[in-house]
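These notes concern the structure reproduced below.
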Amino acid sequence: MDNAGSKKRCCESVQEFFTSPKFLIYLGHGLSTWGDRMWNFAVAVFLVGLYGNSLLLTAVYGLVVAGSVLLLGAIIGDWVDKNPRLKVAQTSLVVQNFSVILCGILLMVVFQFKEQIAELYNGWILTCCYILVISIANIANLASTAMAITIQRDWVVVVAGQDSSKLADMNATVRIIDQLTNILAPMLVGQIMSFGSNFIGCGFIAGWNLCSMCLEYGLLWKVYQKTPALALKAGKKEDDQELKQLNFPKELENGKGTVEGSQLMNEMAVVKADSPKKTSCCYQITEPLRTIRDGWVAYYNQSIFFAGMSLSFLYMTVLGFDCITTGYAYTQGLNGSVLSLLMGASAVSGICGTVAFTWVRKKCGLIRTGFISGVVQLSCLVLCVASVFAPGSPFDLSISPFQDIYSHLIGDSGNLPEADHPASMLNIDGLLVNGSTALPAEELPPLQSYLSVSLLFAGVIAARIGLWSFDLTVTQLIQENVIESERGVINGVQNSMNYLLDLLHFIMEPKSLYCTRRWQ
């Protein structure tokens with residue numbers, strides 16, 4: 001009897017977990033990020049294939065995406081704050097997936113009839129197709145940003161309730177899902193495009209998003225039904241102020257607050273006098289600008305401002321597996337096979353960092369966890385500094401790093417230093433996404449020592465433990481310290497700040513602008 005009872009309780013607990021709002025959020029987030037990762041990987045490859053194996057369209061797309069989030073992050077967040085949670089999530093989901101589906105269909109048409117389209121109106125129709133693809137893909141990214149804000153920064157907090165430990169566990173699980181899909185999803189769609197074609201890849205991604213959208217829509221509805229608190233959303237400060245103003249006439253009738261009431265009545269009269277101005281055309285046109293201004297001001301006034309800035313500065317580091325580091329690895333003699341293993345090790349290290357975050361937070365608290373994570377990251381990056389001085393390093397410390405910049409500014413290109421090994425320079429046209437296309441082995445110069453590049457990547461991989469733990473710390477600080485009515489706009493501005501410093505990261509190395517990317 002005891003065994004039967006224990007089995008029944010075990011089955012009930014398992015069933016309860018798989019039907020809980022927490023698991024449904026994990027499942028929906030997994031489907032969403034899987035589609036996002038496949039699309040983000042494939043769209044860059046598609047754009048390269050469309051423009052004759054050139055990275056021009058990919059660079060334009062990256063700059064458009066970064067610029068759009070940079071400018072519209074506060075507006076997206078403000079829209080998230082002002083509308084009901086379910087409406088925001090469903091609208092973002094539908095817009096995102098339909099944009100990807102439409103873009104996939106358009107790409108299929110262009111790939112199938114590219115030669116015929118190029119002959120129409122001297123190629124202007126094909127140019128319009130390029131513009132449409134980039135514009136629709138940018139809309140999909142903006143909708144994905146809104147979806148990430150409302151689910152990861154708001155719904156997760158509500159589902160976790162007032163339990164800080166539960167919130168930390170949910171944040172860590174969501175981040176582990178991000179890490180796994182970031183590795184597995186590009187592998188899947190890459191194999192489909194390799195053994196099939198770009199046309200088949202577009203069709204697969206469009207079909208996936210159609211099926212995923214239906215499943216995610218149902219999961220969102222189930223989570224909303226199982227969590228009544230999601231239906232309650234704090235209003236904006238203006239609404240609260242209006243309610244306070246409506247209560248003052250009652251106080252005046254009871255003889256309370258005479259002075260304060262008269263002052264507030266005067267303020268209400270001024271507001272009523274100004275109300276026609278708010279309906280004017282000029283006021284409505286400039287409203288987005290005021291929203292952006294108010295969003296950045298609110299972000300600056302938050303207690304987590306410096307924590308958010310510290311997270312944004314991590315996006316400016318070049319010590320990650322982006323196109324800069326990948327290109328450097330190729331020039332140092334590492335092939336694609338070794339580099340893929342290093343990227344896998346980096347992902348495992350990041351997962352270890354997310355697991356370590358939950359354990360350290362329980363022992364030391366959230367603030368100390370962030371401090372420890374930062375120290376661990378900086379300590380690991382000491383290996384990267386040591387790689388500059390190690391045998392096999394290509395850096396010549398006797399040459400000023402500002403010499404080339406000065407020569408470009410004064411227009412003296414004749415004195416620019418020539419490379420000792422021209423064949424070792426990275427061919428941009430031979431590099432696809434994240435350096436997945438390697439240079440021929442015979443073009444890479446032999447190195448006397450791999451100690452320098454080994455130290456560099458050892459530091460980069462080990463630093464991911466502290467990096468992701470620090471990222472989760474700042475994320476939870478924002479979740480716990482930003483009031484509910486401003487979560488959207490504050491996280492929208494945070495995304496804008498991340499993109500801004502990510503762009504500065506590429507400006508530090510102009511050649512890398514050909515491979516714009518998000519920090520992963």
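Note: Cβ is positioned from N, Cα and C throughout, glycine not excepted.
Here the structure is a predicted model, which means the values were calculated and not measured.
Summarising the annotation, TrEMBL assigns transmembrane segment to 38-54, 92-111, 123-143, 297-318, 338-359, 371-390, 449-470.
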Legend entry - Contact call for the transmembrane segment (123-143) against the transmembrane segment (297-318), three or more Cβ pairs under 8 Å: no
Legend entry - Distant-in-sequence neighbours of the transmembrane segment (338-359), which means Cβ under 8 A and at least six residues beyond its ends: 168-169, 172, 175-176, 179-180, 182-183, 321, 326, 329-330, 369, 373, 434-435, 438, 457, 460-462, 464-469, 472-473
Inset, instruction - Go through the chain and flag residues at least 6 beyond the ends of the transmembrane segment (449-470) whose CB is under 8 A from any CB in it; none is fine as an answer. - result: 175, 179, 310-311, 314, 319-321, 325, 328-329, 332-334, 342, 345-346, 349-350, 352-354, 356-357, 360, 369-370, 372-388, 390-394
